[in-house]
Structure formats: structure tokens, C-alpha cells
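Visitor: From TrEMBL, here are the annotated features:
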type	residues	note
ACT_SITE	89	active site, proton donor
ACT_SITE	89	active site
ACT_SITE	222	active site, proton acceptor
BINDING	19, 80, 90, 91, 162, 195, 213, 214, 223, 224	substrate binding site
Ligand SMILES: N[C@@H](CCC[C@H](N)C(=O)O)C(=O)O
């Protein structure tokens, strides 16, 4: 892959519960970002390494976000590690807001971020954590059966802007290596692919999960996935805030930390977790041009 980029390309590296991202600031959307370049950036051996890319663009400068520009100045153009686009990334949007603060584009407090899944309001909390209003979950009766190593489970279909299949297992080890996407059927339920979560109970309103992400393989956390898991677990447990008028909070352990998810009676889901900027620098032009050895 070669690039025609002539000016040095700045990047940052960040993570939220170890779901890690290459951040590319590109306010005016001047950087050509083909799938192959995203995949090279996310390569953990020959690139910077990451589960995805957070392309930071002014909403007004991006065709997918122009309509949201009045509500949100900045657009999270999210790319999976394989270069595909995704509607939303829950950990990514927290790290995105942390970047906006780091770059001086916003001060501590609330910021609206445009995503392909709509505008998300993100609150930079005083204790260093970040809370996002993630919108509502859409649960569908159209489920699938997921299979790993001779075992299989029914999986709940939950849409958080992006698609999820949530399977309850006795032991997270039953999810196997997750090197490859676990087979599921009927495949027609998810024409655009799916993120698959495996969930095990840890205590009252407390679960742990592993995830195979669409476009990225197993990651150490998935924020939209944790929200899907919290809602699917609440319904399994007979808890429905819309019916009782009482918010329900679940703690979701992921391999890279912990996320706290609250579903409110109006259906709005809030997620709180960390967001960290790790490093920043400039990409080597020779590497970028594909001519570096
Ligand atoms: N890790 C993200 C989800 C990223 C997108 C996902 N792989 C998809 O294709 O839908 C999160 O924290 O939500």
C-alpha cells in the first residue's frame, strides 16, 4: 500500500479499558484514509497497533456527518482494524472526547460527538472517568445460535447503533480462543456482520464478558457490547426500567477493566469508564509511502 500524503501525519494512541485506538486528527478531512492504510496503522507488528482508528474530523467537513454539524462540531469517523467502517464505538467515543479535551478543543464538561449512530453526549467527569449517553438499545426476537468447540448457545439480538449477539455461558473459557469469528446461524439475521459477546455471571447485577468484534477479532473490551450485555442481562433477570420506572445498573467486567452501565426508564443507556491518551507523534513519511524497509 502506498500513500500520496505529502505533509507529516500526526497521530495519537489511546485506549478505554484496553480497547485501543490510533487517533488521527484531521479537522478538515484532508487525509485520504483507504481501508488498507487503516489496516496497516492497526497492525500490531508492522504498524502502530490498535483495534480501530478514530479519525477526528469536523462534522461540517465530512459527508457522513454534515447533517449533524449544528448539534456536534466533531465527527468520530470510526474504522475497525480491518478498515471497515462502524456506526458506533462506545470505548472509542470516550477516548475521542478525551482527545478533544487534550487538544484544547473542549474544556472539561460535556461535549457532543457526531457518529454514524447519531450524536452522542459525552461527559468528562471530574474523577477522570468519562460518561456517555449511548442512546437506546433495540432488542429483536430475531436471534441466532452461536457455536464454539462443540457447544452452542442461543444469542440475544441487541442493536446499540451497531449489531450485537449476546450469548450467556457458564464459563468464559467456553468461548475458546476467539481467534476466528464463532459461527452463528441463521447468518441472514446479521447481513452486515455482528459483534459477538459471551457473558458469565459474577454476582448480583454483575457480569463478565468476552467479545469477538466485527472487523477486529477478540478485543479486550467493547463499550457498545457492554451496553448490549447489560440490557440483555437485565431482561433475562426480569429487570425492565421502562416497566418499573427505576433505573437499573450493571457492572460489566471486560478483559481490560470494568464498565458501569445504567439503563434509565426512558430507555437511555449511560456508560461510564476510563479514557486514556497514551502517546502522540508523527508517522514516518517513508513508512506512510510504503517505501520504508
Ligand atoms: N469496540 C467498540 C466497537 C467497535 C465497532 C465494532 N467492531 C463494529 O463493527 O460494530 C466499542 O467499544 O463499542
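The first residue you see is number 1, and the count goes up from there.
Cβ coordinates are placed from backbone N, Cα and C, and glycine is handled just like the others.
Caution: TrEMBL annotation is automatic and unverified by curators.
Please go over these features one by one and say how buried each is and what sits next to it.
Guide: Residue 89 (active site, proton donor) carries neither a helix nor a strand DSSP state and counts as coil.
Annotation for residue 89 (active site, proton donor): same-chain Cβ neighbours under 8 Å, separated by at least 6 residues, are 19, 52, 54, 76, 78, 115, 162, 223, 224.
Within the same chain, residues at least six positions away from residue 222 (active site, proton acceptor) with a Cβ under 8 Å of its Cβ are 19, 90, 91, 195, 197, 211, 213, 254.
Residue 19 (substrate binding site) falls within a strand segment according to DSSP.
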Visitor: Using DSSP reduced to three states, classify residue 213 (substrate binding site) as helix, strand or coil.
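Guide: The residue in question, residue 213 (substrate binding site), is strand (DSSP, three-state).
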